[in-house]
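Visitor: Quick one: the structure is below, and I'll ask about it shortly.
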Amino acid sequence: MMTQPRWPWEMLLDAFAVAVVVSEVVRYVSSGDLSSLPALALGAAMVSLRRRIPITAASLSVLTSAIALLTPADAVPIWALAEVCLFSLPLRSTPRAAIAVGAVHAGILYLGALAALQLQPFDAIALILPLWTVAVLALGFAVRRHREYLAALAQRAEEAAEARSARMLLRADEERLDIARDLHDSVGNALAVIKMHADAADRHLDADPERARVELKSVRSTSVRVLSELGGILTVLRRREVGREIDRLLPSVQSIEVLILSLRETGMKVSAEVELPRYLDPAVDAAVFRTVQEGLTNARKHGLGSVELSVKPGSTHGITVMMLNATRSSMSASSGGFGLVGMRERVLNAGGTLDVSDSGGVFRVVADFPTGTAGEQEL
């Protein structure tokens, strides 16, 4: 059986038992009557062993109580030692065992008082002796219940700590995904634009140096922009204020026109119709821009010909983004690496829906977003 820790109640009872044994030994020695010493010694031994063998110690202490009835004048200290063992029994055994041993002890005290002390059945002393055992057992059960309550509190606190840890890990995973999407959308797409301008500069370097210089200027300006965005992200990360705050550092739908112009400068044909609502929730604002950015970049890398872009208010106070472009035969809705995955995650996180399809050689992206709670307010 598992050894229980010592609690203040039992430490007090240990001190009480030592005091009883010492006082009785002194009395026995002074009186010269050692007839009750064996029962006292057995009771003291059971008190010392009650933590290791609680049921055995309590049972033998009941026996000492019965033996003490042979010398009623010396019985009370021996009974007191038995009650110490009975107090510890509910703490270390089953309730059924504690009640059974306690009932036997109470019966021995009651019947022994009637026989040895010649008391009447309803005499106060005869009734007090078994009630003494009942009170001791009740106190033991109360202490046990208190221990269980404290253990339950500790368990709940541990579970709450584990739940907090799990929530923190989940938040860290979500923030990691946000950072990955932002780095892909900001740095990845900017690098793709830089490559487009660099390729164009290389093509015109000999035949049209002026055009090559224009392309190189675009490379420079795009590099400056992406370095600024990357620096903003790193600043937030150093402050440990990641997550949604990153979106506030990144372009919004107001930058769609600039994005279209930068792609047109690379020779990409973009037919755009952009009509923005008066209000967009910040999360939706960033998600709409990133969806347009990713869609146009994918069209530039994988598509053929021009791209048709439409950004308009939806039918239910939302905003709809639609992009159409011709595709190569090898292009499919599952192409594009992490770009389409990040696009879908961002759209869903903003409360929207995304439909990507490739039919008849036309790649189609449709994203529907809510505008937010203030979407109908006049700003």
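Any Cβ shown, glycine's included, is placed from N, Cα and C.
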Visitor: In TrEMBL, which of 11-32, 55-76 is tagged transmembrane segment?
Guide: 55-76
Visitor: With a Cβ cut-off under 8 Å, give me the same-chain residues at least six positions beyond the ends of the transmembrane segment (55-76) that come close to it.
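Guide: Distant Cβ neighbours of the transmembrane segment (55-76) are 24, 35-36, 38-40, 42-43, 46-47, 49, 82, 84-86, 88-89, 93, 97-98, 101, 104-105, 108-109, 112, 115-117.
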